[in-house]
Every structure is written in structure tokens, then in C-alpha cells.
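Here is the structure we will look at.
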Amino acid sequence: MVQLRPRASRAPASAEAMVDEGQLASEEEEAEHGLLLGQPSSGAAAEPLEEDEEGDDEFDDEAPEELTFASAQAEAREEERRVRETVRRDKTLLKEKRKRREELFIEQKKRKLLPDTILEKLTTASQTNIKKSPGKVKEVNLQKKNEDCEKGNDSKKVKVQKVQSVSQNKSYLAVRLKDQDLRDSRQQAAQAFIHNSLYGPGTNRTTVNKFLSLANKRLPVKRAAVQFLNNAWGIQKKQNAKRFKRRWMVRKMKTKK
């Protein structure tokens, strides 16, 4: 703090007064310097700093304000109300978005539909067709049938002409079935001769099927045959089974009589 000093008189002062004034000025400068640096100074300047420190200690020692149950309950209710309002706002926003989407969807459907003029034309045309008399409808049906018959006759004529042209162009030959059987028998005899000459008793050759069947027979664990050597075995067994069945049926019928 800066102390105010009394105004000096205009009368000439003594030497002692001048010395006291110099000491006071030096003390005031020291006090100001101490205030700026935050250090206590000597004399009256140190007293206010001590008072400020005591005030800070009192402020630190003060306890926090106590909250009552009613105030805490009011704050909790206020918080719940805020949360409910936010949820309600979110729901309203979602509803508005859905409504907008539905409106846009309806507008797009309307754009895709045909214009009203074309729809009216189609409805009028269908009504006029329904209003026609049954006599006219029968006449139209008869005309269509006649046209179809004429087209069918024309197509039949074209087919007959094609058949005649084919028969005239191509020549057919008659062949007896006996000659065909002789040809088949000759082919079989030729195949048998080739087989005997290649795989006969005087040759050291065997077919693949025979070789595999012999290898399978020599194995300790028998496997399924790759291919049957004689295809007539199954046919003969079937024929024998049929004969046995017939005989058994005849014997049974005789015993019943």
C-alpha cells in the first residue's frame, strides 16, 4: 500500500527533517518493491499481506455446500425429464422420415403409371367390344373358321406336292429279309474265324477279359469280375427258371383238379 504523506510547507526545513523524509521515501520504495515481488516488507507495508493470507486460509477451510434430499430428487427428476424429451424427439423425427419415404414412394408409383388419357382410351375400347351384339360375334367366328380351313387345305396340298416330288426324284429298291440274315451270318462267321486265328489253341495270346479273370481267380481275395466272358450264361439261367416255373404251375393245376 502507498501511504500519503502530508504536503510540505514552503518554509525552509531543517537538516533533520530532510533526513527523515529521505528515510521515509526509501522505506516506501522498499514496501512497493516487496509488494511487486510478493515478499513481506518491513514496517506497516507487511500488515496487509498477513491479512490477505489469513483470508485465504479461511476460504480454504470452508466446507462444501450440503445438498438436501429434496434438491437431489429434483435434479434426478429434471434429468429424467430431459432424457424423455430427447427420446420423444427422436421418435417424432423417425416418424417424419417414414412419412416422407412413403410420400416419395407413392409419387414414384404415380409417375410410372400410364397417363389418364391412355387409360380412358383402353377402358372405352374394352366397353365397345363388350357391347357388340352376339350375331356379329358369331359372324366373326365363322369367318375365322373359314380362313383356318382354307389355310389347312392349302398346307395339305403343299404336303402332297412335296411327297409326290420326293417319290418322283428318289428310287426305292425291294430287299428280301433272307438275304439280310445271310449277310449277318457271314459277318459272324468272319468274326469267329478272325478270333480263332488270333486267339486259337495254337497261339500264345489271350484277350484282356480272360487275362483279368485268370488274375482274379489266382488272387487270395476274390473281387468282382470286370466283364463276363460268356454272356450266354445269364440267358440260359433265365430260360431254365422260366421252364421250371411253367412246369411247377402245370403240376400245381393238376394237383388241384
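Even glycines carry a Cβ here, placed using N, Cα and C.
Fair warning: this is a prediction, and the values are worked out from it, not measured in the lab.
The compositional bias 'Low complexity' annotation in Swiss-Prot covers 1-25 (among others).
Annotation source Swiss-Prot lists region 'Disordered' at 1-94.
Look at Swiss-Prot and you will find 34-47 (among others) tagged as compositional bias 'Low complexity'.
According to Swiss-Prot, the compositional bias 'Acidic residues' annotation covers 48-65.
Counting same-chain residues at least six beyond the ends of the coiled coil (65-104), none has a Cβ under 8 angstroms from any Cβ of the stretch. Residues annotated as coiled coil in Swiss-Prot: 65-104.
Summarising the annotation, Swiss-Prot assigns compositional bias 'Basic and acidic residues' to 75-94.
Among the features that Swiss-Prot reports, SUMO2 cross-link is placed at LYS131 (among others), with the record citing a large-scale study or a structure entry.
Positions annotated as phosphoserine by Swiss-Prot, on the basis of a large-scale study or a structure entry: SER133.
According to Swiss-Prot, the feature SUMO2 cross-link maps to LYS162 (among others).
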Legend entry - Helix, strand and coil residues within the compositional bias 'Basic and acidic residues' (75-94) as assigned by DSSP: 20 helix, 0 strand, 0 coil
Legend entry - Integer average pLDDT (0 to 100) for the coiled coil (65-104): 89
